[in-house]
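According to Swiss-Prot, the feature active site, proton acceptor maps to ASP843, an assignment based on sequence analysis. The N-linked glycosylation site annotation in Swiss-Prot covers ASN138, ASN174, ASN181, ASN253, ASN410, ASN473, ASN495, ASN548, ASN576, ASN620 and is backed by sequence analysis. Look at Swiss-Prot and you will find TYR875, TYR1035, TYR1056, TYR1150, TYR1162, TYR1188, TYR1202, TYR1242, TYR1258, TYR1284 tagged as phosphotyrosine, backed by similarity to another entry. Sequence annotations record features per position, and here Swiss-Prot assigns region 'Disordered' to 1117-1149. According to Swiss-Prot, the feature motif 'Nuclear localization signal' maps to 676-684. As annotated by Swiss-Prot, motif 'PPxy motif 1' applies to 1032-1035. Annotation comment: Swiss-Prot describes 1282-1285 as motif 'PPxY motif 2', evidence class similarity to another entry. Under the heading signal peptide, Swiss-Prot lists 1-25.
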Amino acid sequence: MKLATGLWVWGSLLMAAGTVQPSASQSVCAGTENKLSSLSDLEQQYRALRKYYENCEVVMGNLEITSIEHNRDLSFLRSIREVTGYVLVALNQFRYLPLENLRIIRGTKLYEDRYALAIFLNYRKDGNFGLQELGLKNLTEILNGGVYVDQNKFLCYADTIHWQDIVRNPWPSNMTLVSTNGSSGCGRCHKSCTGRCWGPTENHCQTLTRTVCAEQCDGRCYGPYVSDCCHRECAGGCSGPKDTDCFACMNFNDSGACVTQCPQTFVYNPTTFQLEHNFNAKYTYGAFCVKKCPHNFVVDSSSCVRACPSSKMEVEENGIKMCKPCTDICPKACDGIGTGSLMSAQTVDSSNIDKFINCTKINGNLIFLVTGIHGDPYNAIDAIDPEKLNVFRTVREITGFLNIQSWPPNMTDFSVFSNLVTIGGRVLYSGLSLLILKQQGITSLQFQSLKEISAGNIYITDNSNLCYYHTINWTTLFSTINQRIVIRDNRRAENCTAEGMVCNHLCSNDGCWGPGPDQCLSCRRFSRGKICIESCNLYDGEFREFENGSICVECDSQCEKMEDGLLTCHGPGPDNCTKCSHFKDGPNCVEKCPDGLQGANSFIFKYADQDRECHPCHPNCTQGCNGPTSHDCIYYPWTGHSTLPQHARTPLIAAGVIGGLFILVIMALTFAVYVRRKSIKKKRALRRFLETELVEPLTPSGTAPNQAQLRILKETELKRVKVLGSGAFGTVYKGIWVPEGETVKIPVAIKILNETTGPKANVEFMDEALIMASMDHPHLVRLLGVCLSPTIQLVTQLMPHGCLLDYVHEHKDNIGSQLLLNWCVQIAKGMMYLEERRLVHRDLAARNVLVKSPNHVKITDFGLARLLEGDEKEYNADGGKMPIKWMALECIHYRKFTHQSDVWSYGVTIWELMTFGGKPYDGIPTREIPDLLEKGERLPQPPICTIDVYMVMVKCWMIDADSRPKFKELAAEFSRMARDPQRYLVIQGDDRMKLPSPNDSKFFQNLLDEEDLEDMMDAEEYLVPQAFNIPPPIYTSRTRIDSNRSEIGHSPPPAYTPMSGNQFVYQDGGFATQQGMPMPYRATTSTIPEAPVAQGATAEMFDDSCCNGTLRKPVAPHVQEDSSTQRYSADPTVFAPERNPRGELDEEGYMTPMHDKPKQEYLNPVEENPFVSRRKNGDLQALDNPEYHSASSGPPKAEDEYVNEPLYLNTFANALGSAEYMKNSVLSVPEKAKKAFDNPDYWNHSLPPRSTLQHPDYLQEYSTKYFYKQNGRIRPIVAENPEYLSEFSLKPGTMLPPPPYRHRNTVV
């Protein structure tokens, strides 16, 4: 009670200024309905707002305040007292909303059909400007709708307001006030406000007008006592109990008094029992009663409206524009031929006839010529459809002339003009207003409604079959004595009479327009509407009439139809009925007795007696009655008032209480039975589940089990060396793995989860481990193991050359076409494997492809990858960061990811390679990418790409996902291109392009700077035997080459494998040029017989073996090596390029002569082991076979110019005669060639065991299914990557500066 008293003390200070003023002083302005739309110029937006609402008190419509800057003066809004629609305050930057005098929001129209007051997003994201206070200190009433206050960063005190006191219907669905406003950093209300205020001072306390009222008040109040109730017509509070003390009116304001309705235009006169015109009538205009509607409004009944409804027409009576019901068709004026929109038209034709639909008045002329009726081929106008001429049935007036010189042959009259009343003749055709010429098929005119031809003459000639024209007295149609008639050369009158073409006998002597009683100019006896009849239905018939002269008029609808032989009525109106069909009120028949009709001083209520006559109710009955006494008054419980005596109400109350208790008991029993049945049903379902649980799975999927194994590593086996980078979940270190109980050192990458991350990050971290451990492919990074220390660690193989994006950018001057296309094939094969395993990558890009060696790349970063279930076709992602510029359009719009969306990303990745690390859509804001793609624009064609390569990219960027190629097709397409790379990629100096040395990479050098890798072993070489059930290869011991040796002890023995003509491979996997330079190798399980010693370069040594005819299969004993060496296995990515094939193996393993055959599938390139001992003190690493020490050094030949270049696949112009293996023999290295082998990576090429080489299909199966590689690179934090954008930042309203778009390309 103290709270209420304190508030009312403050509220009393405002009462004097808050009462309703007469409507004459109210300044009314129109509202808007633009919602969040605004003008492009903010200055113009502010000026428009000020122009609308300056000096405005009542807003007839919606008050919308949007997109106003912080420095604008909004003091003009203080004059607004009332809003009939909704109030919208959004997207503004000002601090204070000065609607200090706003009392009531009526909510006749709601924002989003729900809110009468909506205030949101009123702050500037990149600044400190925003709405801080709501100056609504006098707002006390919202009649309809709820309140929405949200996302106002700096707004204070809104959460202290008692909104239930303001909103008339405070349902939970109408109230929204969330914590995104600035409530946490705001001050407290003044102590006199008791916790509810609009601002910090005592002048901003909220005034309560409903929740503090006494129970007896049925509305607002101005104090806590019973005597302080406001009048029931008050809204928003009051200063006293009268209807003139209201702050605002619930319904209408009549000169300062709040009333239920405005004084009506007609009032019931109890003396005459008639509705009479009320001279004190007023019209409803919004919530006000006005004597006269505004000049731009019209009167409809007793209201001011903007336009008449479709069933009424606007007329002016006594200087007042009013809406009157249309007697027939509401008028519509149209332009005639030669006027207005038809100024250039010469006739009515098929191109313009539709413009005359529903026309009642033709402003101009109607002309019918042969080019309109039968068509105009010259102007490509078709003949008119005769049915369309019926549009003229609505025409009542033609202000000009009617010219008919052509008519459809199947129409014998002009009945389409049956409603034509007047031909004005304001424009004449050679002095004529009606012209009908040479219409041979016309038999009658049938202008049955024509009453006047205001000006001009009549010309009707040469109509050989026209009759009835001679019966008409044409002069009765004329308005002046100067008008003439020319009617000749039509059908003779006697011929018409002979054929019975005469007027109906009911027509008078004035004539007729055609046959039948409806064509008479006037009737001989009686008429009903337009039809002449013999007599009226006075005593019989379906409906009864009375005679009004010669016109039969139907009796009033309130007259009861009498028996045959008795009159139903004596005249017009309900007071001339013989008997009433419903009730009789005085002399008038009415549909019901008056019930609440407004009288001169009060409302009229009557009841009907047993004779159905109406009598007045007792004066105490204010809601109607059933009889003459006060005990017969009608009582409505919801009004809160009763005129029944107390003794009459007691039984009703008792019956209501008993009935309510009975209903409550029934509801309680029903609820108990429902709960019991539900419990029993649940127990039965659980019993059935337990019975069948161990019998068979409930939902067998049929999916094969994932038998991938996860290696758990101890923390003591790992040593962290150097930080490589930081990611969203943790940090990546370069490290060393020393397996427990062994002496080998394996370089690895260690990804450690941050200690501050939560459980969700741990789950996502392990999900990534699951996916990486399940993948097994030479071009996918796979997990080596997991260390379950307090901070989870993922251990992967260390990639020595970093990501492909940085690699191509660093070596763009040394990368040729062959290598680019090889990478395209490898990435496609990796993605094809993912598609076979039903895994969607979702983040394929050049930054997520790592380089193990220049010839071998691997796909990594499975942080966004998702496995699909057996029956899933797509994955729908939740919110989060996304690489927008690499994503397909369906991913951006619907977050729907499929294998075909990965194809889109693959196309962007290829574009990055072909531009040597170019940024896609560089300079374009990420938020503009979706619109750009929808308009058809794509990445431009890279300069080095031919149209063949670019079209493959374009196919990857098709909007329809099903139209994009599959990864299998992409792998095959780029394999075909890789066989002839210079045909598809045009790179200047491609023939002389030198592949960068594996050790030249900056990333690789940084890895080697801090750790001695002398004893390092690659992770794959350590782990592969555990993944293959194939015999381990046998190796010879490795020694150093004596650089002073110049002779060869033995020539290399021959061995065979399918090879290209431009290189050969030793049996250990090494490569050599035509000059015979040895390459890194690994031994196979077979030995080869010795060959004769060759002189000079090693190429000469091979000449003998090449030309000795058929070579034989080598046989030699095995040599055992240590266990660490036996872990090494064949690299799955070894392949033999197919340019210039020399031959193929026969059944015994020998090479057959070369012959034409189809090109083999493009296989994976040879891969080096990046971690071997480096050269020290200028010494060259020795080949393992000591017999190479006898090689002699001869003078270099002219073709030795390539000897110092890296030897990779498909990079040589010359071809070697044949390919041979070398075993147990030594090649000498010429002095000039020593430096070609400074890079230790060149000494470590490997091939699979011989059994694998003899079966290429077997090799391909293993390389696809079992080999896997690991990587230690982690993707950077998503928020730091500018190519990622969150879902929220793509919403409308996100403001980003639009940099110039330098390269655009459009796909048609």
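Every residue, even glycine, has its Cβ placed from backbone N, Cα and C.
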*Sort the glycosylation sites ASN253, ASN473, ASN620 by C-alpha distance from ASN576 (N-linked glycosylation site) and give me just the closest.*
ASN620
*Using DSSP, break the motif 'Nuclear localization signal' (676-684) down into helix, strand and coil residues and give each count.*
9 helix, 0 strand, 0 coil
*Per-residue pLDDT averaged over the motif 'Nuclear localization signal' (676-684), given as an integer*: 91
_Collapsed DSSP category at ASN253 (N-linked glycosylation site)_ = strand
*Candidate nearest ASN253 (N-linked glycosylation site) in space, where candidates are the glycosylation sites ASN181, ASN410, ASN473, ASN548, ASN620 and distance is Cα-Cα*: ASN620
*Which residue, of the glycosylation sites ASN181, ASN253, ASN410, ASN576, ASN620, has its CB surrounded by the fewest other CB atoms within 10 A?*
ASN410
*In angstrom units, rounded to an integer, how far apart are the Cα atoms of ASN410 (N-linked glycosylation site) and ASN495 (N-linked glycosylation site)?*
22
*Using DSSP with the three-state reduction, classify ASN138 (N-linked glycosylation site) as helix, strand or coil.*
coil
*What's the CA-CA gap between ASN473 (N-linked glycosylation site) and ASN495 (N-linked glycosylation site) in angstrom, rounded?*
20
*By CA distance, which of the recorded positions (ASN495, ASN620, ASP843) lies nearest to ASN181 (N-linked glycosylation site)?*
ASP843
_Spatially, which candidate from the recorded positions ASN138, ASN495, ASN548, ASP843 is nearest to ASN620 (N-linked glycosylation site), comparing Cα atoms?_
ASN138
*Should ASN181 (N-linked glycosylation site) be counted as helix, strand, or coil on the basis of DSSP?*
coil
*Between the recorded positions ASN138, ASN495, ASP843, which lies closest to ASN548 (N-linked glycosylation site), Cα to Cα?*
ASN495
_Which listed residue (ASN138, ASN495) has most other Cβ within 10 Å, given these are glycosylation sites_ = ASN138
_Counting across all protein chains present, how many other Cβ atoms fall within 10 Å of the Cβ of ASN548 (N-linked glycosylation site)?_
12
_Cα-Cα, whole number of Å: ASN495 (N-linked glycosylation site) versus ASN138 (N-linked glycosylation site)?_
90
*According to DSSP, which kind of secondary structure is ASN620 (N-linked glycosylation site) found in, if we only use helix, strand and coil?*
coil
*Round to a whole number and give the Cα-to-Cα distance in Å for the pair ASP843 (active site, proton acceptor) and ASN138 (N-linked glycosylation site).*
56
*Densest Cβ neighbourhood among ASN473, ASP843 (recorded positions), 10 Å radius*: ASP843
